[in-house]
Amino acid sequence: MNMATNTAETIGDNHQTVGTPFVDNAKLSMRNVNVFYGEKQAIFDVGMDIGTNEVMAMIGPSGCGKSTFLRCLNRMNDTIEGCRVEGDLNLEGEDIYGAKLDVVPLRARVGIVFQKPNPFPKSIYDNIAYGPRIHGLVSKRTELDEIVETSLQKAGLWNEVKDRLDAPGTGLSGGQQQRLCIARTIAVSPEVILMDEPCSALDPIATAKIEELIAELSENYTIAIVTHSMQQAARVSNRTAYFHLGKLIEVNETEKVFTNPDHQLTEAYITGRFG
Amino acid sequence: MNLTTLLLTLVALSAAIFYTSRRRSLSKAKALGGQHHLNSLPLYYGMMACLWCALPAISVLVIWSIFDGVIIERIIVQSLPNSSELTSSELGLLINSIQNYAANPGSLTEVSDPAIIQAAERLVDLNRVNAMARALLVLIFGVIFGAIAWTRVSPELRARQFVEKVFQSLLLLSSFVAVLVTVGIVFSVLFESLRFFSVIPVTDFVFGTHWSPQTAIHDGQVGGSGSFGAVPLFAGTLLISAIAMLVAVPTGLMSAIYLSEYADRRVRAIVKPMLEVLAGIPTVVYGFFAALTVAPTIRSFLEGVGFENVSSESALAAGGVMGIMIIPFVSSLSDDVINAVPNSLRDGSYGLGATKSETIKKVVIPAALPGIVGGILLAVSRAIGETMIVVMAAGLAANLTANPLESVTTVTVQIVTLLVGDQEFDSPKTLAAFALGLVLFLVTLTLNFIALHVVKKYREQYE
């Protein structure tokens with residue numbers, strides 16, 4: 001606790017993010033982002049890029065704002081009363097918080113998977129078909145069948161559920177439910193998938209499966225993942241961002257962050273001195 | 001000693017025993033070196049002794065009070081010179097006059113029979129002795145058992161467990177009261193209905209289409225022959241309930257959706273209590289609202305658009321007002337289940353790019369549906385059982401019709417009209433009320449059962 005307060009002072013008000021926060025082939029680029037919950041500021045002047053088809057891990061102690069920041073990227077924070085986002089957030093040059101932007105297609109392009117698996121109380125099939133149906137992506141049943149099958153296959157769930165697509169999604173195991181939620185997100189063909197601690201409610205075997213899945217998905221999708229597990233960040237991501245008390249401390253190649261971080265706070269966190 | 005004094009004395013006695021036993025436990029604990037040597041807190045020792053004193057004493061009092069009246073009566077009757085020759089009703093009259101004279105010797109009624117005066121004097125004597133003996137016995141029981149408890153107070157005594165067991169039994173007893181009353185109601189209705197069905201065949205009652213319960217009380221009297229086909233009543237009940245649900249379900253459901261999903265906190269804080277005020281209005285007030293305001297409005301409107309001979313009492317007025325009465329039921333229960341749908345489901349839907357209305361239609365409502373259906377079924381059983389509005393606004397004519405503008409009658413209304421006023425309780429006319437009550441009970445019981453089952457199923461889904 002002492003450590004945390006001391007280090008907060010060492011960051012100062014005009015700190016600079018160390019490492020390489022910006023890239024050339026940015027899918028998402030964020031500059032000077034500030035987020036407030038009512039009077040309280042949760043994110044302080046964060047700027048970073050997430051490259052195309054890259055897996056970006058966001059780590060940091062609890063309450064550091066990494067989930068808040070993630071949820072800004074597809075405006076999930078809109079549903080929270082009193083939440084206000086300032087700054088420039090762009091998806092391929094399009095202003096995410098711009099007046100012209102419609103949040104519905106945005107969320108179809110930037111999907112999100114939550115901490116706790118949240119399948120709808122519908123059949124497995126209807127869970128996957130939900131997104132394509134509301135966006136009117138398909139006109140024929142056969143096309144929908146195809147989307148359901150490919151989504152489940154991409155999520156590595158097809159072989160386990162192909163014989164019981166009519167069974168309720170809520171009846172699956174926790175790990176299967178989470179993969180169902182990932183399949184549901186894939187079904188609307190997003191470009192970016194945000195994952196908010198997707199494995200924190202799962203056992204190690206289910207976690208391993210999800211991590212494998214993330215590696216496969218990264219071939220086609222840009223992924224931003226918030227995680228509390230540093231091993232997970234090290235295993236799945238290309239670059240890692242370290243957040244501390246609402247500030248972005250360091251962004252670097254994952255290998256560098258976990259072997260030779262540029263900032264003393266990052267080092268303190270990954271070596272387990274606090275967090 | 002009269003009953004009030006006796007009870008007060010008993011309370012004082014128990015309090016004294018409570019206090020002394022508590023003191024005794026404390027002094028014993030002190031001798032051992034502190035309160036922690038006691039098995040229970042001193043309070044429990046006091047309560048234990050208090051219960052030991054009060055429970056046997058009260059039991060004795062109850063048992064005594066059940067039997068003393070009968071015994072005294074028998075003694076008096078035996079002392080009468082010619083009691084064995086009297087019929088039971090004559091005897092009853094005689095005992096009544098004895099009791100009256102005993103209670104009020106200087107009464108206006110002139111009692112000439114010396115036997116009665118003598119018996120009355122004896123009754124007064126007996127009553128006095130009875131009260132004395134009762135008080136003595138009760139207090140002796142209290143003192144003896146209280147004293148036993150007091151001597152038993154020791155650090156090893158498990159006083160707390162005893163007290164808890166007694167209170168647990170008390171709780172059990174209370175829950176049985178409700179169950180027993182329900183069973184009693186069911187049986188009383190059931191047996192009277194069986195008497196009815198021994199006169200009128202069940203098939204005539206359930207399938208008959210003519211309802212005219214007037215029967216001639218004696219031969220040659222002008223009156224209906226009595227016709228107990230209950231179909232018009234069932235149809236009327238269904239019609240009015242259906243109209244009520246047509247009003248209540250859409251309005252209630254939509255207001256619930258608005259309040260739980262769209263309204264901001266301030267609107268909700270004002271509208272929700274106001275809606276619930278509707279549930280607090282007495283049904284009789286709804287009744288005259290229906291009869292004096294709604295029904296005439298409907299009639300004048302219909303006459304205005306060209307209908308003729310519109311009845312001033314109509315199923316539409318009664319059903320519509322009943323629907324308004326039921327709105328808070330539907331909206332409040334639906335609001336609760338909609339709020340119980342986890343936010344993670346809404347987030348999941350928004351995260352896939354669904355709009356708010358898509359999320360409500362395709363995720364929230366389907367997830368809450370079982371609970372909503374349960375709430376609606378409860379509202380239906382409320383509508384079926386509702387009486388006052390229908391009595392006042394729908395009329396008494398047992399028409400078999402599906403036209404909501406005609407006057408119809410319902411099961412509950414007929415029960416009321418069959419039993420109001422002076423009635424003899426062995427004619428088919430009055431017994432028919434019990435048969436109707438039985439039907440009503442079975443229907444609402446089934447509905448409630450299904451509704452509770454559905455609601456329970458829904459709860460399991462998210463727990």
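Glycine residues also receive a Cβ, built from the backbone N, Cα and C atoms like all the rest.
For the transmembrane segment (B:42-67), the residues of the chain that approach it from at least six positions outside its boundaries are 6, 10, 13-15, 17-22, 24-26, 29, 35, 134, 137-139, 141-143, 145-146, 148-150, 153, 157, 159-160, 162-163, 166, judged by C-beta separation under 8 angstroms. Annotation comment: TrEMBL describes B:42-67 (among others) as transmembrane segment.
Taken from TrEMBL, the feature transmembrane segment covers B:131-150 (among others).
According to TrEMBL, the feature transmembrane segment maps to B:170-191 (among others).
Away from its own ends, the transmembrane segment (B:233-253) comes close to residues 211, 315-316, 318-320, 322-331, 334, 372, 376, 379-380, 383-384, 386, 390, 394, 398-402, 404, 408-412, 414, 436, 439 of its chain (Cβ-Cβ under 8 Å, at least six residues beyond either end). The feature transmembrane segment is assigned by TrEMBL to B:233-253 (among others).
Annotated domain 'ABC transmembrane type-1' per TrEMBL: B:234-451, in sequence order.
Per TrEMBL, the feature transmembrane segment maps to B:274-295 (among others).
Summarising the annotation, TrEMBL assigns transmembrane segment to B:315-333 (among others).
Taken from TrEMBL, the feature transmembrane segment covers B:363-384 (among others). When Cβ-Cβ distances below 8 Å are used as the criterion, the transmembrane segment (B:363-384) is approached by residues 237, 240-241, 244-245, 248-249, 252-253, 257, 261, 322, 326, 329-330, 333-334, 336-338, 340-341, 345-346, 348-349, 354, 411-412, 440, 443-444, 447-448, 450-452, 454-455, 457-459, 461 of the same chain, each at least six residues removed from its ends.
Non-local neighbours of the transmembrane segment (B:431-455) in the same chain are 186, 189-190, 192-193, 195-197, 199-200, 205, 213, 228, 230, 233-234, 370-371, 373-375, 377-378, 380-381, 384-385, 411-412, 414-415, 418-419, 425; each lies 6+ residues outside the stretch with a CB under 8 Å from one of its CB atoms. Among the features that TrEMBL reports, transmembrane segment is placed at B:431-455 (among others).
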Considering only Cβ pairs within less than 8 angstroms, which of the stretches B:131-150, B:170-191, B:315-333 has the most against the transmembrane segment (B:274-295)?
B:315-333
Can you tell me which parts of the same chain pack against the transmembrane segment (B:315-333), counting only residues 6+ beyond its ends and a CB-CB cutoff under 8 A?
236, 239-249, 251-253, 255-256, 259, 272, 275-276, 278-279, 281, 283, 286-287, 289-291, 294-295, 298, 371-372, 374-376, 378-379, 382-383, 386, 389-390, 392-394, 403-408
